[in-house]
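According to TrEMBL:
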SIGNAL    1-23  signal peptide
DOMAIN    38-139  domain 'SRCR'
DISULFID  C64-C128  disulfide bond
DISULFID  C77-C138  disulfide bond
DISULFID  C108-C118  disulfide bond
DOMAIN    168-279  domain 'SRCR'
DISULFID  C244-C254  disulfide bond
DOMAIN    303-402  domain 'SRCR'
DISULFID  C372-C382  disulfide bond
DOMAIN    412-521  domain 'SRCR'
DISULFID  C488-C498  disulfide bond
REGION    728-748  region 'Disordered'
Amino acid sequence: MPSWCPLPCRLAMLLCVWALCQAQSDTELPPGTPIIQLRLAGDKRKHYEGRVEVYYNGEWGTVCDDDFSIHAANILCRELGYVEAVSWSPSSKYGKGEGRIWLDNVQCSGRERTLAQCKSNGFGVSDCKHSEDVGVVCNERRIPGFKFISSFTNSVESLNVQVEEVRIRAISSQRKRVPITEGYLEVKDGGKWRQICDEEWTEMNNRVICGMYGFPGEKGYNTKVYKLLAKRRKKNYWEFGVNCTGNEASLHGCKLGRKVELKGNATCEKGMPVVVSCVPGRAFAPSHAQGFSKAYRVEQPLVRLRGGANIGDGRVEVLKNGKWGTVCDDSWNLKAASVVCRELGFGSAKEALAGGRLGQGMGPVHMNEVECSGFEKSLTECYFNRDALGCSHEEDAAVRCNVPAMGFQNKLRLSGGRNPFEGRVEVLAEKNGSLVWGTVCSDSWGTMEATVVCRQLGLGFASNAFQETWYWPGDVRADDVVMSGVRCSGTEMTLAQCLHHGKHLHCPQGGGRFAAGVSCSESAPDLVLNAQVVEHTTYLEDRPMYILQCANEEHCLSSSAATATPSSSRRLMRFSSQIHNNGQSDFRPRAAHNSWVWHDCHRHYHSMEVFTHYDLLSLNGTKVAEGHKASFCLEDTQCEEGIEKRYECANFGQQGITVGCWDTYRHDIDCQWIDVTDIVPGDYIFQVVINPNYEVAESDYTNNIMKCRCRYDGHRLWTYNCHIGGSVSSESEESSFPGLLNNQLGHR
C-alpha cells in the first residue's frame, strides 16, 4: 500500500481486498497472484457488455486489445459472474477509457481463474493508446449462486450482487390480475426463493424494482394485510440488504447493503419481508385475465417512439416548435433512455441504442449531448447542448424499455413453420366452457393483422401475411376456426384487441389449409418520401392526347380522358418523387419475378400494380383528381456515401430499394403526374401515399403519406407547406389542413 495513501483510502482498499477475497475465496489462487477487480464500462451498452476496466493498486485502468482473444474474454466474463463470453471488440468500441492502461499483450489459455493469472507485459507496461481499449460481450446468463461483492464507491454500474432471478410474488387475491403490480419481493439464490428484510429498504429500491418490471413508478400499499400474512408464513430471508440510488436499470445494478444476521424466526425482528407496489402505465392498467381490450396508443405530446418492432422499442423523437425531430446519440446512455421510457408509461430502459439502430428519422435533430439525472419527468427537462451541430440521422438515438409481463405470448402461437418466425396462426379461445387452440379465418387477412401477431409474440415485424397454409402442417386438433373477421389498425398489442366477429364466427372456407398464417422478421424497411423534392419540382404541362395513349391504357389519366379526341390535350400536374428507405432491411416487391406483369405499350414490367397514390383533394377532404403509380421500375437511383446499389431494373433485373438508398421517379416520365384537366381554380390539398395497400410490410406507415397545400389559378400552380405524416404536431397539421385528421390512411 503506498505510503502516501490517506486513512480513508487505506480503509477503502482494505475493504476492497476483503471483498475480493470473499468473492474469490473458493478459487484458491496461487500465492502472489495480484488482486484485481473488473468492471464493464462505457456508454450505449447492455449491463453484460462494455469496455474492460481493471482496478489495481488503487486505480482504475483499461486493457489493450493487442493479443487479446476469446479465451481472455471467457476468463473475464466468468470472473464477473457470467457463464461465458460471446465476443470481444478491439479499438475502443465502447469509447476511450481514462487513466492507466494496466494490461497489454494479454495471453490466456482459458484455464486461468482470473485475468491477473494470464501472461502479459506486466501491470502498467504498455505502448498502447486508449483508442485500443478492448471491450467484451458476455453471455447474459449468470453463474447460479454467484456473488460478486464490492466495496468500491466509484463503480460504473457495478454488478455488486447477482442473484439468479428476481420476482414479485402476488398474494392469492391478486394472482389473477394482469399485470401483477404488487407483492412480496423475492430473489432466487442457490436455487431457493428468499425474501429481503425491509428494515433498511428505501423508496429508491422500490423505484428500481418497479422499473425493471416495466412500471414507471411506485406507490403505497396496505401494510396491515402483508404484516398479517407475514406472521402466518414461514420466512426464508436472504443474507444481504440492497442499496439502490434509484437510477439503476435493474436490481443487478444496485450495491450490496448491510449483511443480515440470519437468526431463524428472529431474523428481521424489527421489520418484515419487502413488499413492492407499482403504478402501471396507462396502456397496461391491471385487468382480470379475460378482459384487456384497449389498444396501445402513446398519449404523450412531447416525446414518442418510432420504428420499433415491439411495444416500448423505438427511435426517440421529440416535439419542438411544432416539428418532430430526433435525438443525437452523443453521450446517450441508460439514464436518459430510462427517462424516456418512464415518461411514456414503461419501466426503466433495457438498452440505450445508438447509430440509428432502429431506423433513421427525417427532419431536424433537436437534441444533442443529452445529460439526465434520471429523475426528470420528461426528456425535455434534461440538459442538452444547444450549440452542438453536425449530427446526422445515422446517429439517431433509440431505446428498448422494460414493459410489464402481460402474458400475451401464452394466448397465441405459430404452428407448422420451418422456424419459430413463421407458421399458421393458432389462438387460445374459450369453447364450451374450456380453453382450446384453434385457427384464424384468413378472409381479409393482411399485413396489418400479421403485424399485430408478430408484435404479440415478440418476433419483430411482419414480413408476410398468408391466406393459405396447407404447406404448414399444424396441429390437427386446432384446425377449427375460433376467430374470424379480424381487422387490425396495426397499433394493437394483441390480436384479441382487433375488431373481429366475436362468438358468432363466419368463415366460408373454414380453417385448416385456408387458415391465416404469418412470417415475421427482426427488421423491416421504412419508405419515406422527400417532401422538399416534391415541393420544388411541381409544375403544370399541357400534353397532347395522342402521345398519352400508353398512359391512358395504364389508367394514369382522369375518367374524362376516355372520351377525349386525339387532337385535344390534358393538363398535367407534374412533379418528381424521391423515396428513401430509412429502415433496417431492403424494400422488395411482394410478387416474385415470375408473377410480374408485362405492359406491352410502355415495354416494361410492373412488380407492384399500385406503388403510390397521387390525389388532389378539396379543403374538406373530397377527392377531385387522382393518379396512381405502378412500380414499373423500383431501383436504387442513388445511395448514401459508402453504400452500394443493389437493385437495377435493366435486363429484367432485381427490383427493390436498399437501406440507405433512394429511388427517384423523375417528373418527366409517364404517369408521374395528376391529371387536373377538369378541376376549377382554387385552393387544394395535394396528397401522396406510398405503399397504400400495405402490400409490403414496413416498420412505420405513418410517414408513408405526404401532404402539401396547393393553389391553382387556371394558369399556374403553387405547392407549399409540404411535409410527411407525423413530422409536425397535430395542432400544426390541423391549422394547415383543416377538416383532415393527421396521418389518416384509408383502410384497404
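Each Cβ is built from the backbone N, Cα and C atoms, and glycine gets one as well.
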_Below 8 Å Cβ to Cβ and six or more residues apart, same chain only. Which residues does that give for C77 (disulfide bond)?_
Y48, V83, E84, A85, V136, C138, N139
_In whole Å, how far does the CA atom of C488 (disulfide bond) lie from that of C244 (disulfide bond)?_
42
*Rank 168-279, 303-402, 412-521 by Cβ pairs under 8 Å to the domain 'SRCR' (38-139) and hand me the top one.*
303-402
*Just how many other Cβ atoms lie inside 10 Å of the Cβ on C244 (disulfide bond)?*
22
_Can you give me the Cα-Cα distance between C254 (disulfide bond) and C498 (disulfide bond) in Å, rounded to a whole number?_
41
*Report the nearest neighbour of C372 (disulfide bond) in space among the disulfide-bonded residues C64, C108, C118, C498, comparing Cα positions.*
C64
*Nonlocal neighbours by CB distance (under 8 Å) for C382 (disulfide bond), same chain, sequence gap 6 or more*: A336, V339, V370, E371, C372, S373, E376
*By Cα-Cα distance, the member of disulfide-bonded residues C64, C128, C244 nearest C108 (disulfide bond)*: C64
*If we check Cα distances from C118 (disulfide bond), which of the disulfide-bonded residues C64, C128, C244, C498 wins as closest?*
C64
*For C498 (disulfide bond), write down the residues of its own chain that are at least 6 apart in sequence and whose Cβ falls under 8 Å from its Cβ; none is a fine answer.*
E449, V452, V486, R487, C488, S489, E492
*Of all the disulfide-bonded residues given, C128, C254, which residue's CB has the most CB neighbours within 10 A?*
C254
*What's the CA-CA gap between C64 (disulfide bond) and C244 (disulfide bond) in angstrom, rounded?*
32
*Counting by DSSP, what is the helix, strand and coil composition of the domain 'SRCR' (303-402)?*
16 helix, 34 strand, 50 coil
